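First up is the structure itself, then whatever we jot down about it.
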Amino acid sequence: MSAKVVIIGAGHGGLQAAASLREEGFEGEIVLISEENDQPYQKPPLSKGYLQGKQSEEAILFRSPHFFQNHQIDLRLGVNIAQLDTVGQLVITQEGETIDYTHLILATGAANRKLTMEGAADVLYLRTLADAKAIAHRLETAHKVAIIGGGFIGLELAALAKEKGKEVSVIEAQSRLMERVLPAVISDVFQKTHEKNGVQVYLNTLTKAIDGQYIIISDGKKIEADLILAGIGVIPETSLAVEAGIACENGILVNEYQQTSVANIYAIGDCANHYNAFAQKRLRLESVQNAVDQAKTAVNHVLGKAQPYHAVPWFWTNQYHLKLQMAGISAGFDRYVLRGDIDTDKFSVYYFQKNRLIAVDSLNRPADHLNARKLLAAQLSPTEAQISDLNVNLNQLLT
Ligand SMILES: Cc1cc2nc3c(=O)[nH]c(=O)nc-3n(C[C@H](O)[C@H](O)[C@H](O)COP(=O)(O)OP(=O)(O)OC[C@H]3O[C@@H](n4cnc5c(N)ncnc54)[C@H](O)[C@@H]3O)c2cc1C
C-alpha cells in the first residue's frame, strides 16, 4: 500500500504538516481535514489586526485556495472526524464516511474553557474566525465591554476594544495580569498601560454570577456590560485519542518524534504533551512556533529522516504600543537581569536558573529577542555585566 497521510485539523500545525510533506518530496496522498468551513487561516491576527480592522479575511489566510490544488493536498472543509479505528487504520467522519491512512497526524488543537455559571450563555469566546466575526459584529454596537480573564487573549481584546472607544473592564482572579507566565516587572507595565488607556482592571477578583447586563464580582459589586468576552484558558482536544485508547494526560502524550502510543499516529501543536528540553519537563505549549516546529518533526519522522524535537519555544503578544516577545520558558527562574530602561517600555528580562540562561522576555526590543533565541539554542549564558551594558552586542557571544 502506498503511503497516505491523513491530518486532522487544518490550523497552524495541520497546515504546516501538509505543506512540509510536499516541500520535503512526499509523493503519496495527503488528506487535510478541518471541521471549520473557512479556508485555513492564521489565529494570532484574530485578536490583533483582524479585529482591529487592519487585516482582511483574505490577508490572514495561510495560502491561497489554489495552493491545495497545485500541491495535490485534498483539503476537506466542514468535516468533523468523530472516531478513529487504529486497527483498521481509518478515520470516521460524523456522517459515517471512512478515510483510510498509513500515517495519521492529530493536529486538533484546543478548545476554549467555558464559564459554567448561570447567566453565562451569552458570553463570547475567541478561538476561530467564526468567533472573531461574531465578536466583530457585537463590538459594532457595544458600549461597555467586560472581559473575564487577564491573560494574553483577554488583554489583546481589551486593548482593541479600548482603541475602538469602548468602556472596558478586565476581571482577573490572580493578583497580576498574565501572572502565570510573566514576572511583576512586565505585568506591571501592561497593567499601567491598560489603565492609562482607561481600562478598569480588577485583580484578585472572581466572577460570581452574570445577571443580564451585569457581572457580579467577588466583593458583590456589579459591573455593567453589554458585551461580555472571556479568555480563561483552553482544554486540549483529546477526545478522539482518548476514545481510541491512545495514551493521554493533559494532552496526547508524544515522544521526541511526535509519535503517540500508537506508532503510526502522531500528535502536534496545542493538543500534544511532550517532554520539553528547555522546561526540563513534560508540558503542552500553546503557540504558533510549537505547532509549526512539531509539524516539521512529525513529517521528518514519516519520511524516515527522524530528528528529535528540540526547538527554542517562542511567543509574542501585541497590546497598544507594547510588543512583547518571549523566548525560552521562564518558569523556575531564580534570578533575572534587566537590559534597557523600564520607564521607556523598552527593556528585556534575562532569566537564570543556577547561572544558566533559561529565557528572555523582550519588550519593544526585537533585536534582543532574535539574539535570545540564538543564545538559548546554543546554550550560551551572558554575564550580568554583559546583559546590563547596552554597549555590549550580545550577538558577539555567538561568534
Ligand atoms: C485569538 C488567538 C490569538 C493567538 N495569538 C497567538 C500569538 O500571538 N502567538 C502565538 O504563538 N500563538 C497565538 N495563539 C495560539 C496559536 O494560535 C495556537 O497555539 C496554534 O493555533 C496551535 O496550532 P494547532 O495546529 O495545534 O491548533 P489550531 O490552530 O487550533 O488548529 C486545530 C484545528 O483542528 C480542528 N479540529 C479539532 N478537532 C477536529 C475534528 N475532530 N475533526 C476535524 N477538525 C478538528 C479545529 O477546528 C481547528 O481548526 C493564539 C490563539 C488564538 C485563539
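The backbone N, Cα and C atoms fix where each Cβ goes, and this holds for glycine too.
Annotations in TrEMBL come from automatic prediction, not curation.
Listed in TrEMBL:
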- 4-295: domain 'FAD/NAD(P)-binding' (DOMAIN)
- 314-398: domain 'Reductase C-terminal' (DOMAIN)
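For the domain 'FAD/NAD(P)-binding' (4-295), the model's average pLDDT works out to 97. Per DSSP, the domain 'Reductase C-terminal' (314-398) is made up of 25 helix, 36 strand, 24 coil.
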